[in-house]
Each structure stands twice: as C-alpha cells, then as structure tokens.
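In Swiss-Prot this protein carries:
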type: COMPBIAS; residues: 9-22; note: compositional bias 'Low complexity'
type: COMPBIAS; residues: 29-38; note: compositional bias 'Polar residues'
type: COMPBIAS; residues: 45-55; note: compositional bias 'Polar residues'
type: COMPBIAS; residues: 193-223; note: compositional bias 'Low complexity'
type: COMPBIAS; residues: 383-393; note: compositional bias 'Polar residues'
type: COMPBIAS; residues: 399-409; note: compositional bias 'Polar residues'
type: DOMAIN; residues: 259-384; note: domain 'CoV N CTD'
type: MOD_RES; residues: THR174; note: phosphothreonine
type: MOD_RES; residues: THR427; note: phosphothreonine
type: REGION; residues: 52-194; note: region 'RNA-binding'
Amino acid sequence: MSFTPGKQSSSRASSGNRSGNGILKWADQSDQSRNVQTRGRRAQPKQTATSQQPSGGNVVPYYSWFSGITQFQKGKEFEFAEGQGVPIAPGVPATEAKGYWYRHNRRSFKTADGNQRQLLPRWYFYYLGTGPHAKDQYGTDIDGVYWVASNQADVNTPADILDRDPSSDEAIPTRFPPGTVLPQGYYIEGSGRSAPNSRSTSRASSRASSAGSRSRANSGNRTPTSGVTPDMADQIASLVLAKLGKDAAKPQQVTKQTAKEIRQKILNKPRQKRSPNKQCTVQQCFGKRGPNQNFGGGEMLKLGTSDPQFPILAELAPTAGAFFFGSRLELAKVQNLSGNLDEPQKDVYELRYNGAIRFDSTLSGFETIMKVLNENLNAYQQQDGTMNMSPKPQRQRGQKNGQGENDNISVAAPKSRVQQNKIRELTAEDISLLKKMDEPFTEDTSEI
C-alpha cells in the first residue's frame, strides 16, 4: 500500500490559503502559470521551480511534497540532529519518514548597478526512492544531498510514497515534530525567519493567512495581490541601496572632515572605551608610550586596532568577567585636572587593576603572538634611542654627489681674536699707546 502525504487528517494539516484538498499552494512549486491581472501591467506568469531558467542555478527536475527551506546567512551548514529533519505529513507513518534534502542552487539576477548577484540556495525534501536521486542508496556521499530519517524508519528500503502530481497534489507547508532544531541561518518558506517550533509556526501562519483571507473577502472586486518571495525582497533591497548610493561592494571614502568627526567621536568616549584606529591614533587616545603604557610600536601606533596583527592579540584580551573576578582591583580618588576653575569640580576615581593573562605554546597562533608581543613590548625605548641619534647631514639643493668631505664643512666667516677669546701678552707698542692715552690732552696753538 502506497501512502500519499496530506490525504489523511486534513484538520491537522497546516491552515492558511486552502484549496480543494486543504493543502497550501506555494509559488515556487505551482504546476501551472496562472494569469494574474494587475493594474497597468501585462499579466506575468508565475515562475516555478521547474520553469526557472538556469541562469547561474540548477533546475529542480521533480516536485517535492513540501515547501522549501531557504538559506539567508552565508557560511551556515545545512544539517539536522540524528533522527530529525523529516517533515511532518498527514497520512505518512513514522516507518516511512526517511529521505533526503536536495540543494537547489537558485538563479542570479542583475542589480541596478549592473552586477550579477547569486541568490543563496534553497533545499527541498524528497522521500527515499523518489526525486532526483531516487536510485541512490541512503547515506551516499553526494554534493548537495543531505540524508535524514526518523529512528523508526528502515533506511535499507525505499519509502512507499507516491510521487507528487502537481496537477492534483499541491505542496504541503514544511513542519517538523516538536524538539526539532532548524539549521541556523535558514528559514522555512512561508513561515518567515522563525524558530523551529513547528506548532507555533503553524498557528502563526494560520492566523496570518486567515486575516489575509478576510481582508481579501472585504475588498470586493479589488485585484488580487501577487505573492512576495524572499527573492523579491533581495532585489528590492539591492535596488534601494543602489538608489541611495550605498553600494556595499564599494568602500566608503574617508575625507579629512569625516576623519576629524570620527576622531572627535572616539575622544568623546571614556578613556577605557576608546578604540584607536587610522583616524584616531594610539597616542591621541592614550598618550605617548612610556613605562606605564609600554605597548605599541611602529605601524601599530599609527593603525591601532586596524593593524592586521591586532586581531590575534585581541584573542588574549580578558572578558569582562575575567577582568573583574580575575584581577586585583583597587579604588583610588585622584585629583581632577580637567575643566576650568570656574566650573564645579567633580570627584574623580580610578579603578586600578593588576592581573595576568596566561597562555602556553599549545595556543593557536602561538608563534605569531610571541612575534607581535616581542615587537611591541617596550618598543618606545628603541624609538627613543633612534630619536636621540644625530641626524644624517642632508645635502643642499643643487649640490652634486661625490664631492669631498670638505663639502660638509661650514663656510662661515672666521672668528676674530676677541670672539675666539684667546689670551696674549702686551707688546712694547701696546704699552706705549696705553701711556699716551693716560696723558692729559693739550691743544696745539702754534702757527704754521
């Protein structure tokens, strides 16, 4: 006896926009294109999973009994815990709850700026022995296939489930038994980006769909609304960003004005909350390096947390809990040196701490961490020594290379004997002149 999902206990089937057999119909799994009349537009046929053109995506060759699960975060794995992952279907016993999820690589679309954007994949469930991998055994390692089965199912035999005929059987909203953990970064089509609690999801979708039915019934001859899918949301978001000129692919240009604003914003924060970067250097945030602030040198003082080597050091930074509970703390009142004399003085306190960060050679990236620490610990001492060295004499403009050592000698006028401050003895002539200066002056009245 073959089983047909959704043919039994229709009252427990997911509520919503019900068609003849009480099963939801989804835009990505509809069998025929319906003509939808819209205001001022030509009728557009709905695209199904089999009618989509393979522009950067594969075509789903078979119809799944269930709505898909769409990925909305990159880098997230599609996986379920053992014994989980098979959707609930009225009329299908637990012994037949076995199959696989098939990854549908969706199409790409062109954004407003002319770039192609690839949509994240969507997964569809097929019972064992049906769908695109009907001839493959359970557990076969296939790219884009994830095998699931309940604990009561025998995975050595195919499921006794009929293939879905889209002309008579419509897609069932995907629901899971209580306790099923939905993969992180994925959401079930038609349920929003919600938690994996299938019952609450079903009730929420039931209330939303019934409210939508009442609004359509009250609208009279109002034209029916078209279905909104996550694909449309992605396209709308890209168009809005392009219209506003906020393309995420283009780096934001930092001008002098914006750099000044960023620096002022950082300096307005309390000292312990500042994060130095290219716009606000380490010295601007925390002052010059010295015995009490002895970390940082070279490029790290210029780039701060933007330095490529800083993230690996940040792994050593203690958490807030480790800071308070793993350190020796001391509260001290200090003199307030900020503010004008006319302003009321505030009480200023310092929470002084003393602790240690312990790590060993088994830490990931140990060699790199030691290299960065050795380069930046007490680096100010080497910098001070470099600054105290006499600068290299610079060649004057217009002077050619290869001249002798005399080129670097000063050409200033020689100093006089007085400037040289040399001691010499008086001669007889000097003594005679000094005596004449001491004699009284007499006017010569003789006539020539």
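One is the number of the first residue shown, and numbering goes on along the chain from there.
For all residues, glycine too, the Cβ spot is worked out from N, Cα and C.
In terms of DSSP helix, strand and coil, the domain 'CoV N CTD' (259-384) has 53 helix, 16 strand, 57 coil. Shown for the region 'RNA-binding' (52-194): DSSP residue counts in helix, strand and coil, namely 6 helix, 34 strand, 103 coil.
The local packing around THR174 (phosphothreonine), expressed as other Cβ atoms within 10 Å of its Cβ over all shown chains, amounts to 26.
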